[in-house]
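As structure tokens, the structure follows; a few thoughts come after it.
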């Protein structure tokens, strides 16, 4: 009998040891799994960050995948020149060359079929080229804060000769610059520094926020994207609302949300390149009338940073990790994401009592 008991005890001890081992392995695996939630107002650069993760942590875009973006590049280019030409009427800007009025009519006649077919035919690219070279069109482009225009407009239009080639294949940079509105939730997986990342890009959900926000209670960190350059723009869906104010409102609701009490908040003040260019001729007082500093990059950017960080109501227990980013610059995103990962590792160790 004694032998039987000791054999059973031995088996139970083995089982207990195995359970402990499995629990430890599960715990280690869970500690290595990082759920990242990408949030921010529309057109703040969230999807570009996701594309950068594919370039940096996977193998980038294959030639075939790049080809599939050709129609998007054409559509973005056509939509951009159309937006500028349409705005000329509203802003009462004339073409410098009266012949461009015919080109404008041609643009609207040809663009619909071209977009449907995902093409950029020679006659249409010629029309776009002549319009873009017109001084009146350029004058209207310089006033783009007064209407809705893609950030990538000048990038594509200045490179029309290249993208209009019959054998054109988009580059990784062309793909990064494409704009497709995100609807629903896009999930991306990758491994970095022995961590398994799951990144969720939540887009197009302005009115439904209350319904889905609690689903992300267990996320490791939130990356909140803000377009610095949007300080003098209004929303596409609400022309009364300044885009920066909308961003601040959203950040306030996320940063101080009960579901995210223990979640690291990482703030990406994005589009720093566009902001640096714009701040010299479009004053920050458009967005913040109380601002008395210089319209220079460093001072104005620091002011915006403090406006966002001041929204944190739990400063004593919650830190905001802020980075200035240019989502289309792979090296910059790589450097920043490296720093972000170190923060996540440090916080994970802290949670496990190892730091």
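Each Cβ is built from the backbone N, Cα and C atoms, and glycine gets one as well.
Among the ranges 187-196, 197-206, 207-216, 217-226, the stretch that Swiss-Prot annotates as region 'G3 motif' is 197-206.
Swiss-Prot assigns the feature region 'G1 motif' to residues 35-48, out of the candidate ranges 7-20, 21-34, 35-48.
Segment annotation: Swiss-Prot labels region 'G4 motif' over residues 266-273 (candidates 266-273, 274-281, 282-289). Checking the ranges 165-173, 174-182, 228-236 against Swiss-Prot, the region 'G2 motif' annotation falls on 174-182. In the three-state DSSP scheme, residue 44 (GTP binding site) is classed as coil. Summarising the environment of residue 202 (GTP binding site), the number of other Cβ atoms within 10 Å of its Cβ, over all protein chains shown, is 20.
All protein chains considered, the CB of residue 40 (GTP binding site) has 25 other CB atoms within 10 Å.
Checking each of the binding-site residues (40, 44, 176, 202, 327) against residue 182 (Mg(2+) binding site), the C-alpha distance stays within 10 Å for 202.
Long-range Cβ contacts of the region 'G4 motif' (266-273) within its own chain (Cβ-Cβ under 8 Å, at least 6 residues beyond either end) map to 40, 44-45, 49, 151, 221-230, 251, 297, 301, 304-305, 308-309, 320-329, 336, 340, 343. Taking the Cα atom of each, residue 47 (Mg(2+) binding site) and residue 270 (GTP binding site) are about 12 angstrom apart.
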